[in-house]
Amino acid sequence: MTTKKISPPPYDEDALPAYAPMEWTLKEIRSAIPPRLFERHTGRALLYLARDIVVASAFWALATRIDPFAARSDVQDLLTPGGAQILKWSLWMVYWWFQGLQFTGLWVIGHECGHSAFSPHTLLNDTIGFILHSALFTPFFSWKYSHHRHHSNHASMERDEVYVPKTRSDLGIPQDVHDESIYDEILGDTPIYTMFMLIQQQLLAFPAYLFFNVSGQKHYPKWTNHFDPASIIFTKAQKNAVIMSNIGLLSMIAILYAASQIFSFADVVKFYGVPWLLVTHWFILITYLHHTDPTLPHYRGPEWNFQRGAAATVDRPVLGWQGRYFLHDVAHFHVIHHFFPMLPWYHGEEATQYLKEFIGPHYAWSDKPIFSALWDSYNRCQFVEDEGNVLFYRDRKGHAVRRPAEKKEKSS
């Protein structure tokens, strides 16, 4: 007996769920959240920082025992030399996984400092943020300024700083496509090539953004970057802070060079380099998936406002308990962070419950497995249209999963 394959129904744009942007003001949304959740407690934040430093130090100390342990004669005799090597590198991979997460947690605290969510004291925020981000090769003040502009203009096609979608014309796709094979010619990739591009994104996207404005605003000059004090990203008043950020990175390069001379280049790579690379991976994965999903809108012109842009992001329970403990809920409760960046991360869970209750269907959440979500979003979020003020990503066939509601329609 053979089973007849059932073909999916033909794509019909008019049958897609309609989306109508929210109408509430930011003041109305804020009034739904208890004022106590906006209070910043310096002592509590310092305890989180101390915990992270202690845990990272413990991981580091344990890692110093890996090579000597695997080289012990009794271990070699029990496992054979080849087995001891497998054990050694297995233990290093465990270290890299957890230290990469812990380094990312320290980066997240630096990010909170940049938003002044760590403490009500500006000098303390800037000092801790500068040290943490410099230690993890992020230009603290430079990125802080562009990141604030991202928050202030999120999901605006004209003004957002990062993860700005490509348009149909950017990719050279004709306006009227009568044969879907045209999409394949322009957007079609083999799974192997797609995987290669994803790995490249995960490891190089953040440096590429800092150095070359990759995925940033297309109307910026060609050589826009985060290291030139005269860059269009910064104001004249921010020039000295940008220079200070550069000094922080140069100092870190000097420290790592000295460490490689005292110990070895291999030791620097094993103890610091690989975990740092994983910071880049986790940071890009989390932020990409926060802002890239076929169900999330982007806006042009009069349809954009701050609160609509803030709602155009999605919470994801990345890595379960590990994401909550090591990453300080940065992925679990990101939507509330876009509405109120100065709200402390340790109040994010409770504040999110109030936000969900108030904005209802405009709150976005997904529990799709994280690497499956990464693959789907990378393949399904290809471009948006050149025209229209409420936009949704289209996939490699030019299909969307939502459409803007007509004026008299409500979201479905």
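Glycine too: its Cβ is placed from the backbone N, Cα and C atoms.
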Among 91-110, 271-290, find the range that TrEMBL records as transmembrane segment.
271-290
So what's near the transmembrane segment (241-259) in sequence-distant terms, Cβ-Cβ under 8 Å and 6+ beyond its ends?
130, 133-135, 137, 139-143, 145, 226-229, 231, 234, 267-268, 272
Using Cβ atoms and a strict cutoff of less than 8 Å, what residues sit near the transmembrane segment (271-290) while being 6 or more residues removed from its termini?
60, 63, 95-97, 99-104, 107, 136-137, 162-163, 201-207, 256, 259, 313-314, 316, 318, 327, 330-331, 334, 370, 373-374, 377
